[in-house]
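The following features are taken from TrEMBL:
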- 42-126: domain 'GINS subunit' (DOMAIN)
- 147-199: domain 'DNA replication complex GINS protein SLD5 C-terminal' (DOMAIN)
Amino acid sequence: MDNLNSDNQNYLNRLKQCWINEKFSPDLLNFEGELVAFIMEQIEEKEKNISEDIKNSSHQFTANLYEMEIERLKYIIKCYLKIRLKKIEKFYAHILQDDDEILKLSPNELKYCKSFSNLLENHFKKTFLDALPDVYKENEKENATKPQLDSYIFCKPKENIGDYQIDDEETVEFKINTIYFLRYKPIKFFVESGKIDLI
């Protein structure tokens with residue numbers, strides 16, 4: 001069994017950064033489906049190799065090390081998906097009203113979001129909405145919880161971006177590997193395009 005080669009390590013680092021970006025971003029980012037699928041394939045492949053190596057007592061120690069590596073990969077994927085599900089549950093009404101937000105979801109996440117919305121709507125109707133006047137029943141779209149894009153975040157550019165005007169009064173010169181504390185909204189595009197990482 002080979003250890004993580006440089007390509008696999010690169011994918012692992014990308015997955016970790018996707019998890020961190022998702023964790024610290026106030027809104028839902030695009031689902032990294034190809035990356036998650038690749039890591040899941042790697043996990044399956046390593047599990048097959050381990051099951052073969054466990055039979056050979058001379059490879060037992062190596063197999064145990066790889067089991068720990070697999071558990072680490074699974075943990076990172078679970079954390080990444082769990083953060084996304086929390087955001088979907090928090091912003092479900094906002095997501096379902098905006099086509100751009102829907103495009104950020106995987107097919108399974110979209111199915112979950114719709115199902116979650118239907119369950120909550122039915123629950124609210126049964127518990128108290130049916131007793132309210134009609135004028136209060138139709139406010140769901142106006143009252144949808146939205147991400148707080150003006151939240152402050154720590155970020156670090158992955159490349160020299162240069163001067164960028166973040167509001168009417170302030171311009172920031174983004175230099176590679178320099179840490180900044182800024183509002184999220186002005187740099188949202190750079191996070192989504194992979195030029196800036198959140199930390």
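Any Cβ shown, glycine's included, is placed from N, Cα and C.
Look at the domain 'GINS subunit' (42-126): DSSP puts its residues at 79 helix, 0 strand, 6 coil.
DSSP assignment over the domain 'DNA replication complex GINS protein SLD5 C-terminal' (147-199) gives 8 helix, 21 strand, 24 coil.
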